[in-house]
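A.B. asks: I have a structure here, written as structure tokens, and I will follow up with some questions on it.
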Amino acid sequence: MFSYEFMRNAFAAGTIIAVICGIMGVFVIARNMSFLTHTLSEIGFSGAAFGVFAGWAPLNGMLLFTVVSSVIVGQLSARSERREAATSAISALFIGMGILFLSLANKNASYATSILFGSVIGISVSDVRQMLWLSLVVLVVVFVLYRFLKFDSFDHTGARVKGLWTNALSITFLVLVALSVSVAAQIVGSLLIFILLTLPAATAKYFAHTVGGMMVLAIALALIGVWSGLTLSYFTNYPVSFFIAAIEAIFYFVALGWQRLQTAE
Amino acid sequence: MTNAPILKLDHLGVTFPNNPVFSDLNLTIRQGEVWSIIGKNGVGKTTLMRTLLHQLRPTQGKVTYLPSVNDVRIGYVPQFRNIDADYPLTIRDFIGLNLTGWKLPWLSAKERAKVQRIIEQTGLTELANRPIGQASGGEKQKAYLAQALVEAPNLLILDESTASLDPVTKTELLDLVTELNQRLNLTVLFVTHDIPMAQKYTHQYLMMTPGKVEQGPISQLTDDKVWEGENV
């Protein structure tokens, strides 16, 4: 399997994605932003389609759309009572735009499928390098802002009362999610990216005893999903995103069952 | 024990569009004093607290912290906090959240010792490693108080913190606050509807009614005044 360059690249890219998603996922879950993450991934699809239409690399289109829209989404959904509706409206608009750009670019359905569901074969060494740089940016910002992000994510009331710049933190966080979405969409696709940004962390919260532990476990679960998914996809020729989605969903349901047993005891 | 003014409100007023909340509020709070802020729902108690916390800009007058705002550290203990019961956030971790700043992600040995000291002071030693989402109402309030105390505030605001507690837990929490007030010369603002508790635990009162604010020593808060305040 590792004699093929594309598989080596896919494993390298998958490892980067799993680490980023494991860390960011903990904050996504704590901030109750799973649905918003889903919307950003749809915006990523629209951006990739725009990139194709404009003759750019899809990743650049994705970065442009997700980063700009994360700021807009953050502003529109700052008040939690209108978050769901605002997110739905933005999601619908961007899916429509994605379909329009694909149609204008005259690309066929298989191209749309690879943007939506990801592709292992297409990952080059330069893609991996680009992902690595973007991921390093995300990691450095999270490292620097860690205490502020942790306070605001796990105890928003306390952070607000302390006078932390919670709106700026929220927008910064969404930009980081946008970068993570653009990085991870390369393998699992824009439509399924929210799997890696939500399920490993959602599973980890039932087993971990500290936030740091939750992060380590989320990274481990994301790594297991991505590595196993790539391996199974290689041997069966079925889509990698199917395996990753199935593995992460199984982990999550097992965690839910385990938690129910614990509370029943 | 010093008795210097710590907070001064000069002709303070807040008006929302077409809705005056309160106006011309004058008040001087001295270090070590315990004030109860009382009044019906909707008279502006929370608006006043938000103004003191700089979350709202007054439309009239000003809030002055003395000698300067930098010397006043405010601890705030709300009634509720939205924390998921499944988060792996222990009470110890929760208290440590308040130690922010441009620092390394993990707490230093000195910061961990500070958290441990507060845990012991607030009687949370046995519960420190329990997830906060699984703690009882009283334990949560103690954890909120401990989090507010970790940055050594000199002004503590209890915003209806005891409203959902049973009488025994309520007394336990307020005994703890009284002890902190006496030991640390902590200034306390206790926002409450519970008049007997206010009479037992506070020195001064500020009663807010629509269009009128009254203040004085708590011994002067008679039943007639409370009845009048509640029925304006």
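Indices start at 1 and increase along the chain as displayed.
Glycine residues also receive a Cβ, built from the backbone N, Cα and C atoms like all the rest.
TrEMBL lists these features:
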TRANSMEM  A:12-30  transmembrane segment
TRANSMEM  A:50-73  transmembrane segment
TRANSMEM  A:85-103  transmembrane segment
TRANSMEM  A:109-125  transmembrane segment
TRANSMEM  A:132-149  transmembrane segment
TRANSMEM  A:169-199  transmembrane segment
TRANSMEM  A:206-228  transmembrane segment
TRANSMEM  A:240-258  transmembrane segment
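Please go over these features one by one and say how buried each is and what sits next to it.
C.D. replies: Using a Cβ-Cβ cut-off under 8 Å and counting only residues 6 or more beyond its ends in the same chain, the transmembrane segment (A:50-73) has close neighbours at 36, 39-40, 43-44, 86-87, 90, 94, 97-98, 101-102, 104-105, 107, 111, 115, 127, 130, 134, 171, 174-175, 177-179, 181-182, 185-186, 190.
Within the chain, the transmembrane segment (A:85-103) has long-range Cβ neighbours (under 8 A, six or more residues past its boundaries) at 35-36, 38-39, 42-43, 45-46, 48-50, 52-53, 65, 69, 72-73, 76-77, 111-112.
Long-range contacts of the transmembrane segment (A:169-199) within the same chain, counting only residues at least 6 positions beyond its ends with a Cβ under 8 Å from a Cβ of the stretch, are 10, 13-14, 16-18, 20-21, 24-25, 27-29, 31, 33-34, 36-38, 40-45, 47-48, 59, 62-63, 66-67, 69-71, 73-75, 78, 114-120, 122-123, 127, 131, 134-135, 137-138, 141-142, 145, 148-149, 152-153, 159, 221-222, 225-226, 240-241, 244-245, 248-249, 251-252.
Listed by sequence, the residues of this chain that lie at least six past the ends of the transmembrane segment (A:206-228) yet keep a Cβ under 8 A from its Cβ atoms are 11, 14-15, 17-19, 21-23, 25-26, 150, 154, 187, 196, 199-200, 243-244, 247-248, 251, 255-256, 258-259.
Taking Cβ pairs closer than 8 Å, the transmembrane segment (A:240-258) reaches residues 10, 117-118, 120, 187-189, 192, 195-196, 199-200, 202-203, 206-207, 221-222, 224-226, 228-230, 232-233 in its own chain, all 6 or more past its ends.
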A.B. asks: Going along the chain, which residues at least six beyond the ends of the transmembrane segment (A:12-30) come within the CB cut-off of under 8 Å?
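C.D. replies: Hits for the transmembrane segment (A:12-30): 37, 123, 127-128, 131-132, 135, 138-139, 142, 149, 153-154, 173, 176-177, 180, 183-184, 186-188, 196-202, 204-205, 211, 214-216, 218-223, 225-227, 229-230.
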